[in-house]
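These features come from TrEMBL:
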REGION    486-507  region 'Disordered'
TRANSMEM  38-62  transmembrane segment
TRANSMEM  74-92  transmembrane segment
TRANSMEM  104-121  transmembrane segment
TRANSMEM  133-158  transmembrane segment
TRANSMEM  178-198  transmembrane segment
TRANSMEM  210-234  transmembrane segment
TRANSMEM  255-278  transmembrane segment
TRANSMEM  290-308  transmembrane segment
TRANSMEM  320-337  transmembrane segment
TRANSMEM  349-377  transmembrane segment
TRANSMEM  404-421  transmembrane segment
TRANSMEM  441-461  transmembrane segment
Amino acid sequence: MSHSSAPERASGAVITEWRPEDPAFWQQRGQRIASRNLWISVPCLLLAFCVWMLFSAVAVNLPKVGFDFTTEQLFMLTALPSVSGALLRVPYSFMVPLFGGRRWTAFSTGILIIPCVWLGFAVQDTSTPFSTFIIISLLCGFAGANFASSMANISFFFPKQKQGGALGLNGGLGNMGVSVMQLVAPLVVSLSIFAAFGSHGVEQPDGTQLYLANAAWIWVPFLAIFTLAAWFGMNELATSKASLKEQLPVLKRGHLWIMSLLYLATFGSFIGFSAGFAMLSKTQFPEVQILHYAFFGPFIGALARSAGGAISDRLGGTRVTLVNFILMAIFSALLFLTLPSNGVGGNFIAFFAVFLALFLTAGLGSGSTFQMISVIFRKLTMDRVKAEGGSEEKAMREAATDTAAALGFISAIGAIGGFFIPKAFGTSLALTGSPVGAMKVFLIFYVACVVITWAVYGRILKSKKSGIHKIILTASRRQVRNPQELTEVSDWGERAQPTRSSLKDEV
């Protein structure tokens, strides 16, 4: 007799019983439901990233259609969506347990039509003030917040041994929206495909027409389609429902703030470089048609994120993250050698190659840090609930809620990099005429993250003066299949003995 729950319907039924850790339940129906929700979530998140990074392709073209904005103002427009996106990720991270994944995914995808339509009209009127573009860019930040709720939602559907791969696919393929947008936008702005809706082009010096509105309007029909797909095709899990009060205690975890810093260095770098790379390249190598190449970096970073989670499951998240930060520091140092000095010299090919390496490592690090977060918070919560006498079922339910809240909140901190990096480039250029000052700050930050990762997660600190006697040794090279195969973890306490002698690898 199967363990049945509420009837599974394609219309997004609420599932009242969900046991992904039960192998029989997972094979019989859980995997099918989880996969369907994942593959609807992926294009919704991909489109959200397209909208979030719209200004990375639009801002560089605004002078070509008649807008007289300064370089610093253009960098500001690319940075502002990350400000609102980061701020909104905090409340968004709590929305799925409050309102349900199906309803929230449909709503949060559908509202992105508003900034797309508005931006399409704004770029066609050169009297549009800079303040209006600021408002639109902040509205684009709603798209960036979708990542927090999307990752939280998907985390509820999968068992822990498959969660790293599922989150890697959702986040990695979703991140690919940046490269999709930067590939599609330069193509559609040369075509008169929305003339019936009022789109008109601006003639360029070479005689071609630039239809900049298309860069925003091209996403509207897809947003509408996948809003409906989310509403009618996704499910809501009754077991994922939790009040705000039940989710807030995760903010007291010391690991939340450490992992937020590490995620800021990885995902923050990915989204910040994605937002600012085209504008930076244009200022340093104005003769290069950078929009023909800008999509490569985000594309590589998104693919690397998907791989980062899987590699971390095998080798350990701490090991991958530590090596990754070392490489990011090295590549940041190499970047200085590729830049022109006082407008002279510089090597675009070397500059581009080093930046691709930075995108690669930022993507890998995004995946490895998320893997660490999932392992850490699931284990911490399960240990706490069991110590209080709670059942295995209660421990797993609360662990899923705490993990989802942690993933969402930490992703909010990471998104700040999308503002800081392009703003740092713009400020450095305005003050010194060079991005070198900004890159020095990034280099120091990556070196600091190497030290933090090693000190907190890379070894057991025995000195009681440190206040941190253990930190997390978990999965073995083989796949962990039940909670007892993990070493015990306390937030700032002692490391208990592992339950299996073969456990060697770190988080």
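Cβ atoms are placed via backbone N, Cα and C, with glycine included.
Because TrEMBL annotations are produced automatically, they should be read as predictions rather than curated entries.
Counting residues 6+ beyond its ends, the transmembrane segment (38-62) has Cβ neighbours under 8 Å at 69, 74-75, 77-78, 80-82, 85, 105, 108-109, 112, 115-116, 119, 123, 137, 140-141, 143-144, 146-147, 150, 153-154, 157-158, 166, 169-171, 173-178, 180-182, 184-186, 189, 210, 212, 215-216, 219, 222-223, 226-227, 229-230, 233-234, 271, 274-279, 282, 290-291, 294, 298, 418 in the same chain. Of the two recorded stretches, the transmembrane segment (74-92) lies close to the transmembrane segment (255-278), with three or more CB pairs under 8 Å once pairs fewer than 6 apart in sequence are set aside. Against the transmembrane segment (290-308), stretch 349-377 has more CB pairs under 8 A than any other of 178-198, 210-234, 320-337, 349-377, 404-421. Within the same chain, the transmembrane segment (133-158) stays apart from the transmembrane segment (210-234): fewer than three Cβ pairs sit under 8 Å, each pair at least 6 residues apart. Listed as Cβ neighbours of the transmembrane segment (255-278) (distance under 8 Å, sequence separation of 6 or more from its ends, same chain) are residues 53, 55-57, 60, 75, 78-79, 81-82, 144, 175, 178, 182, 290-291, 294, 297-298, 301, 305, 321, 324-325, 328, 355, 358-359, 362-366, 368-370, 372-373, 376-377, 380, 406, 409-411, 413-422, 425-426, 442, 445-446, 449, 452-453, 456, 491.
When the stretches 178-198, 210-234, 320-337, 404-421 are ranked by Cβ pairs under 8 Å to the transmembrane segment (104-121), first place goes to 210-234. Sequence-distant contacts of the transmembrane segment (404-421), counting only residues of its own chain at least 6 positions beyond either end whose CB sits under 8 Å from a CB of the stretch, comprise 52, 79-83, 85-90, 92-94, 96-97, 144-145, 147-149, 151-153, 155-156, 167, 240, 247-248, 250-251, 253, 256, 259-261, 263-276, 366, 370, 373-374, 377, 438, 442.
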